[in-house]
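*Asks:* Following this message is one structure expressed as structure tokens.
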Amino acid sequence: MDATVFTKCERCKQPVYEKDLRARFNVCPNCEFHYPLPAPERVRLLTDAGSFEERDGELAAGDPLGFEGYPDRLRSARKKTGLGDAILSGVGEIGGRRVALAVMDFRFIGGSMGSVVGERVARTVELARAEGLPLVTVSASGGARMFEGIYSLMQMAKTSVALSRFMEGSKPYISILTDPTFGGVTASFATAADIIIAEPGARVGFAGARVIEQTTKERLPEGFQTAEFQREHGMVDRIVHRLALKGDLERLLGFVG
């Protein structure tokens, strides 16, 4: 991409060089707005250089329900992102400490959790348990993948059972919530951690605010479902700027890893 290309920030509306945005891992240099970050870039941000080894990349989603248009959506998402599904998982080092890591990618069909995403999360958890590693996940998801129906919903149980076994050990599970994290991902592995971190301004919840208001016929509080609101009400432990995440993880792993 041409380094002279500008984009307008979604929040402050100021022009930003694309190269400056990329250099700051998609954080606006003017107002610190956190844009979504592709999974490969997230891995580069969090792990020590050259330490990440992908696992289970061969897994690929099928079309179990014969849902019209789903195979085309999968092909398009794979071409757009270069990923097999909405997740990148494996083993890497953070501050010299080996960890099991699973990172979601919202670009791939809204980061939705289907059978492959759930399986890779579960396998990452099981790997951490088998090898005695700390576990780190990064969520960015609209929820369950409707194209897979009950197969998608089953992933909530699968990941939760894997985590319950992992929690019998002594290694920590750190979950990072990014914008947006919703639906079945929120209701399963994303909020079942020892330590829950969120990026500033991240939207976190189960159903969207508009759906809740239409159902309850009530106006929601200002800032409802933001990371800041969730921290005030006990769902999030800490809010950490994206560019400080690696250092924060290094300190936390030094204490509890």
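Using the three backbone atoms N, Cα and C, a Cβ is placed for every residue, glycine included.
In case it's useful when we look at the structure, here is the feature table from Swiss-Prot:
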BINDING   C9, C12, C28, C31  Zn(2+) binding site
DOMAIN    5-257  domain 'CoA carboxyltransferase N-terminal'
ZN_FING   9-31  zinc finger
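Would you situate these features in the structure and describe their surroundings?
*Replies:* Within 10 Å of the Cβ of C12 (Zn(2+) binding site) there are 13 other Cβ atoms, across all protein chains. According to its DSSP assignment, C12 (Zn(2+) binding site) is coil.
Within the model, the zinc finger (9-31) carries an average pLDDT of 96.
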*Asks:* Taking the centroid of the Cβ atoms of C9, C12, C28, C31 as the Zn(2+) site, which other residues of that chain lie with their Cβ within 8 Å of it, listed in sequence order?
*Replies:* E10, R11, K13, Q14, V16, P29, N30, E32, F33
*Asks:* Count the Cβ atoms, other than its own, that fall within 10 Å of the Cβ of C31 (Zn(2+) binding site), considering every protein chain shown.
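*Replies:* Neighbour count, Cβ to Cβ under the 10 Å cut-off: 13.
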